[in-house]
Amino acid sequence: MAAPEVLESDVSSSITLLKNLQEQVMAVTAQIQALTTKVRAGTYSTEKGLSFLEVKDQLLLMYLMDLSHLILDKASGASLQGHPAVLRLVEIRTVLEKLRPLDQKLKYQIDKLVKTAVTGSLSENDPLRFKPHPSNMVSKLSSEDEEESEAEEGQSEASGKKSAKGSAKKYVPPRLVPVHYDETEAEREQKRLEKAKRRALSSSVIRELKEQYSDAPEEIRDARHPHVTRQSQEDQHRVNYEESMMVRLSVSKREKGLRRRASAMSSQLHSLTHFSDISALTGGTAHLDEDQNPVKKRKKLPKKGRKKKGFRRRW
């Protein structure tokens, strides 16, 4: 019962689509005929064209031909099962989809060439206008300088060698211009406050408060000191590298000193009664502890006038 109603509703829409299709076909046909006439007359030179565009046009033309053949068979009531046009349409559609990334890469160059051929010049906002030119890197001598250099070459062999060296100018890059350090005292104080806040958030007091009021399971470590933790991570990385590369790495004197210093810092007992400064989190002014800002030792300079005592040889 519903089939005749569906067919009647499809007839009106099909007639409208066929009229629109006929109008579009007539417009495209007129445009193609005009373009073909210009090409045959030699107005447009197609000898040095892109083979990629030619292949793409041929594929689109074959796709439209098979599609129109398929529409004709479907309109005549023939069965489309096993139709050879369907397989060709699938094959051409697959090739066109594979060509899409290549088309996107060549789109900018093709548009630029077409625009240059039409207008005869590049646009002002073209990014290739701002590319570096190697010719600008070579120092261009004036005609007077060239004449003077030629006159100096004719005087003597020595002067000729000097002028030859002077004529081949080398590119000298410009020196960096010193920039004024315009950081204000307020910005410097803000950076110092942010640094103090980061130090306070990573302090042992805040870490213990988090562990006390947090619902997460307690994390137990062998060594909680940051120096020991960092040293253990470096040792583990060294062991993994040696085991994977089958190579034994040597330890320098500096690394040995750092290990001894880290073990000494972790074994000190003065940190039992030491609490980190968290005044930066409460709105106060953070101050540096003595441990954070140690006093530098002065280097002992050799006194003048003293001579090294030599050893007497005993006979």
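Every residue gets a Cβ built from N, Cα and C, even glycine.
Predicted, not measured: the structure shown is a model, and the values here were computed from it.
Feature annotation (Swiss-Prot): of 7-41, 42-76, the stretch labelled coiled coil is 7-41. Residue pair Ser214 (phosphoserine) / Ser204 (phosphoserine) shows a Cα separation of 15 Å. Here the modified residues are Ser204, Ser214, and the one whose Cβ sees the fewest other Cβ atoms within 10 Å is Ser214. In the compositional bias 'Basic and acidic residues' (180-190), helix, strand and coil residues by DSSP number 6 helix, 0 strand, 5 coil. Residue counts for the compositional bias 'Basic and acidic residues' (232-241) under DSSP (helix as H, G, I; strand as E, B; rest coil) come to 10 helix, 0 strand, 0 coil.
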